[in-house]
Amino acid sequence: MLLQVVPTINNSSLIQPGFSLLNFNGHVFFFGQKGWPKRSCPTGVFLLDFKPNELKMKPAAFSKDSCYLPPLRYPALCTLRGSAESDECQYIIHGGKTPNNDLSDKIYLMSLVSKTSKKTTFQCIEKDLGGDVPEARYGHTINIIYSRGKSVSVLFGGRMYTPLAQRTTENWNSVVDCLPSVFLIDFEFGCCTSYMLPELQDGLAFHVSLARNDIVYILGGHSLRNNTRAPSLYRLKIDLPLGSPSVTCSILPGGISVSSAIVTQTSDTEFVLVGGYQSDNQKRLVCNTIVLEDGRVEIIERASPDWTPDIKHCRIWFGCDMGKGSVLMGIPGASKQLVSDANYFYILRCKGAEEDKEEVAAQFCSHTLTEHLGDSTPFEDSEEFGFSAEASSFDVAENDTYNEDDEDDDSETGYWITCSASCNVDINTWVPFYSTELNKPAMILCSKGDGHWVHAQCMDLSESMLLHLSEANIKYFCNEHVDLNKGLQTPKKLVQLKNQPIKPLHKKAAMKLTTPVKKSFLRRLFE
């Protein structure tokens, strides 16, 4: 096992705990940045480009028929293929934390539409599910199994906020283990089914899950209720006959007490497990080989790399699978570098120094010492998921990379201004309010004076009214100037009705219109 130092990472402040990587056709894409995306990369998805001395990031785009995808930390991800042998794949993204620390219960399907040297375009679709839909959570896993020519995803574990009915002032923002339910999700029909198995008694989070054919192995994990990392190893077998699916669970011996471990695949049946924690105050420096073959699992301890003194003595560490038997690992560098968000990164090659030297890909999950660890379990923010990813040197233009210094100061101008005294739009906490919004708030021009822009949400405009004002050729005045506008308006001129004078009736005409009886009376009247 060979440990190498990673060159400088450009704009590493975007790479924060809990982000993910997506691998499409050997190209690795970063997802789950710190904070909400800016207009330099409204999707929040970047192509990672390794250069000799640094790692550069190139923004990716979404197709017009894509939905909004917020930057999610600690989601569950896996690849969805048409068959076990298919090369074309989509990514399933479920759950995770938003930059506001809200938990998501949505599930997305993300696929690659096109890629050129200048631009990469994805399609992201939110999938509607019915049945036993999993609750919002993070720190869980999702895998795809294949049985009888069909496939289904298996979701398990994670953490959630305390249910509203159980919250008190003291535990209002506390997290708890999700129920140890196993969810089967059929994406073809959009239905979910949950199973409670007697062998699964405690909820787990930040565990390792490996799938092969129709079996999912669940290894390790942390339980908040017991504050333990039990040496557990579960075997879930899923059968997909013509009728209802069958799910069985077996408890196997030889498990490992670990959470936040990283797994990389070195062959068709062999995996290497590195990193993680064996207790709240102790990192796990031992490495293991995991062999999945013929419906059985074997875990063997293997020689560990020569860890550097910085890795040995740091309080926390983190990392993810890079693919092809390599793992990217990192330690906080806040006390040693000028940039507080920066970290030191290493590449651990588990296949040997002579193999796959030219295959450089990355999956980072960084963590700083300044993260708040006391709100839930220790090391929570360093526990994340890894999956296989491989990439070679990317053919991209030098001037097409993302540069955080090129961002305009949106706090002073643009969409993130303080539009009024009651403005509540904050660049760090804003979430889309209207269906037409993607990565910036909707604004409307107030016609007072030379005009100024205000946020439609701050003006309490409904979506239908906002669309009407944008389409109609009429002036709009904000809440602060609408009264002034009324006072300056000239009252509409009222059209007065002209009173037509009644013409006097001629004597001869009157005599013709009357009866003979009244003629004598009219003759006296006109006389």
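Even glycines carry a Cβ here, placed using N, Cα and C.
Taken from TrEMBL, the feature Zn(2+) 1 binding site covers CYS419, CYS423, HIS455, CYS458. If you look up TrEMBL, you'll see CYS446, HIS452, CYS478, HIS481 marked as Zn(2+) 2 binding site. Residues annotated as domain 'Recombination activating protein 2 PHD' in TrEMBL: 414-491.
Feature map: TrEMBL annotations on the structure.
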| residue | record | CB count, 10 Å |
| --- | --- | --- |
| CYS419 | Zn(2+) 1 binding site | 24 |
| CYS423 | Zn(2+) 1 binding site | 15 |
| CYS446 | Zn(2+) 2 binding site | 22 |
| HIS452 | Zn(2+) 2 binding site | 16 |
| HIS455 | Zn(2+) 1 binding site | 23 |
| CYS458 | Zn(2+) 1 binding site | 19 |
| CYS478 | Zn(2+) 2 binding site | 20 |
| HIS481 | Zn(2+) 2 binding site | 18 |
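Geometry remark: HIS452 (Zn(2+) 2 binding site) versus CYS419 (Zn(2+) 1 binding site), CA distance 8 Å.
Over the domain 'Recombination activating protein 2 PHD' (414-491) the predicted model carries a mean pLDDT of 78. The shortest Cα-Cα distance from CYS446 (Zn(2+) 2 binding site) to any of the binding-site residues (CYS419, CYS423, CYS458) is found for CYS419.
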